[in-house]
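*Asks:* Here it is: the structure, laid out below.
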């Protein structure tokens, strides 16, 4: 590292990074899953955490595909005495035999601990709200945008043969008021056409639905309610409303029970949309009989919410939404060059023309996708909602792929990679509450019944009803490391904010529970007899044998133990026996850092002669979790500065390929690789993978698909894309306890020259600091402005990738 100190803090005016928008000159379509017109390939997504909406359809029959976070089949709403997959009595007596066979042979089976996914359930769509306009079958000058500066979806068009009849609609979902709002407006003095509203879901048994219409001077509202099954037991209840704001200024008429017509309206029409279920996350415990049920009728709940919102009027609702949205979105921005006037073009055109073969990519589009990822997180995860699931908050189906659940062996983690560094830490409150309310209670049972362990545990696939046990196949279901990986997010949230009150009240209890589980589950290695502590049994996520000492698990437990000990500076744990046990176990823990005969990192502790640690192109990079997004290797083992480890990571990534193997061609596999290359300071390979992900997996509406450009839609790659971009902008690792001196943060470790002349604003650093910085045409950071200094006790040095010291604090 060069010691020359230069490049002082500089501040200059920047354009508004949040002025970017998704654009289209044609309406979104519903289509079919195997067609290019599929709704999740054409629609732009909006939401407020609890509610998710996809507007689609032509202007004469614009539809709002409506989702509510907790609308699920399965669980206690499908079967009496739902157990979350747990057995009715302990089965841990099988563990000693399982472990003995594995230590004796290197691998083995564990069928005795497997369960089933019966009554697991699935996230499901609520329905479509149709807003039909009379006499608008033919139209021109159609435009559709999702403005990422305010989160408002807008359309505009002109009715054919009526040159003065230009109409525009605006749709947004408000977190402050817990509703979505549809607003129709005439650009002239002409009256609005006759409007008819209806709510339907043709996918469900119609006998389970009920609609009603109310049309009075004081209130005009369409109500829709249903239940997921007739029972017994009775299924989950849900309800939706569409309410006209200020009905006195129009003539409203009920067309039977299923439609509401509005006529003689002047220039504007506003419709409030709300939805709710009788799911209660706080009732997922023994005290509540594991019911997850709210005794209140969701119809009355949503009716009250919509009525209260309606009294505020459109402008106040919009102002409150925009203020809340900008508070989260406006505090971070990335500014990359737009050398091809991409800002004025349809997003689908930009993506269609994007080519991996072009080494310069399209920086504007790459910037747009990062902004869209932040929008999607704000729209699908807020403090009073469930976390973002496999599809965020959006599905058009009753049975989306993998139930649109929570897969916790990369997908859920990737959803939140971008949160802490870009000022969206608030979105993670949904995650902490979900884990505390639904994972911990049942997971404590699972730990006891399956492992005879203290603490709590979950496995790979988790629903909203506390399914914490294993499903049927050890290859993917045997994954008790899920919560250990999630503890990285818990610690990072504290490390970036230094919110000690939160750590004391919620975060540390989660960490302690997982550390306790592993303290009572780790085994002394009887295969190598080296005295180390290892996991037995374990499966590396979705690949390889059931064995012991899987690299992935060992790295994650290493992180858990290290962060529990680091937390003592702020917690002052009274249970000194627990702290001593963690410290003692950490001294003996195999930390999962072993090199293979061909130079890569080993995925299994087994000798190479067993044939598992070959040059696999598998989609997962599980044995690199401690490199990125974690830091067991990159920080605690000093790997970021160690050439031997760097070379091993490089060999592993090279062998693993581009993320397009026969087992999957998923976007998330590619962006994970991009992030790992970035942590190697390799801008060329990081940018290659990022471009390849866009070219292969991203479709015309900016979403990423799983099988190349074919469904299913998985939102993790959208979020992971942003995480990869951030890893190209900064390497900011936690300080190892063994090295408490000055911490070095590298700004711009892997910025490609295609992004030359760009800048970032509002990037968060560990310890609570916030910085703005920019770089030259080569991608080398040449100025930094410290906007906010951190609360942490360690000193921080900011350098660029050439080793120049930019600032110290």
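Cβ atoms here come from the backbone N, Cα and C positions, even for glycine.
Pasting the feature list from Swiss-Prot:
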| type | residues | note |
| --- | --- | --- |
| SIGNAL | 1-19 | signal peptide |
| CARBOHYD | 81 | N-linked glycosylation site |
| CARBOHYD | 105 | N-linked glycosylation site |
| CARBOHYD | 128 | N-linked glycosylation site |
| CARBOHYD | 161 | N-linked glycosylation site |
| CARBOHYD | 205 | N-linked glycosylation site |
| CARBOHYD | 452 | N-linked glycosylation site |
| CARBOHYD | 614 | N-linked glycosylation site |
| CARBOHYD | 642 | N-linked glycosylation site |
| CARBOHYD | 681 | N-linked glycosylation site |
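Each of these features: where is it, how hidden is it, and who are its neighbours?
*Replies:* In the three-state DSSP scheme, residue 81 (N-linked glycosylation site) is classed as coil. The number of other CB atoms found within 10 A of the CB of residue 81 (N-linked glycosylation site), across every protein chain shown, is 9.
Following the DSSP three-state reduction, the secondary structure of residue 105 (N-linked glycosylation site) is helix.
Residue 128 (N-linked glycosylation site) falls within a strand segment according to DSSP. Sequence-distant neighbours of residue 128 (N-linked glycosylation site) (same chain, 6+ apart, CB under 8 A from its CB) are 63, 64, 65, 66, 199, 200, 201.
Note on residue 161 (N-linked glycosylation site): other Cβ atoms within 10 Å of its Cβ, all shown chains, come to 9.
Following the DSSP three-state reduction, the secondary structure of residue 205 (N-linked glycosylation site) is coil.
The secondary structure of residue 452 (N-linked glycosylation site), as reduced to three states from DSSP, is coil rather than helix or strand. Cβ environment of residue 452 (N-linked glycosylation site): 90, 92, 95, 520 lie under 8 Å away, each six or more residues apart in the same chain.
Contacts of residue 614 (N-linked glycosylation site) defined by a Cβ separation under 8 A and a same-chain sequence distance of 6+ are given as none.
All protein chains considered, the CB of residue 642 (N-linked glycosylation site) has 14 other CB atoms within 10 Å.
Secondary structure from DSSP puts residue 681 (N-linked glycosylation site) in coil. For residue 681 (N-linked glycosylation site), the same-chain residues that are 6 or more apart in sequence and have a Cβ closer than 8 Å to its Cβ are 731, 746, 749, 750, 801.
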*Asks:* I'd like to confirm something. Which of the glycosylation sites, 81, 105, 161, 205, has a Cα closest to the Cα of residue 642 (N-linked glycosylation site)?
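*Replies:* For residue 642 (N-linked glycosylation site), the spatially nearest of the glycosylation sites is 105.
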*Asks:* Between the Cα atoms of residue 81 (N-linked glycosylation site) and residue 205 (N-linked glycosylation site), find the distance and write it as a whole number of Å.
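*Replies:* About 25 Å separates the two Cα atoms.
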*Asks:* May I ask for the distance between residue 161 (N-linked glycosylation site) and residue 105 (N-linked glycosylation site), taken between their Cα atoms and rounded to an integer number of Å?
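*Replies:* Pair distance, Cα basis, whole Å: 80 Å.
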*Asks:* Sequence gap of 6 or more, C-beta under 8 Å: which same-chain residues meet both conditions with respect to residue 105 (N-linked glycosylation site)?
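*Replies:* Within the chain, residue 105 (N-linked glycosylation site) has no Cβ neighbours under 8 Å at 6 or more residues' separation.
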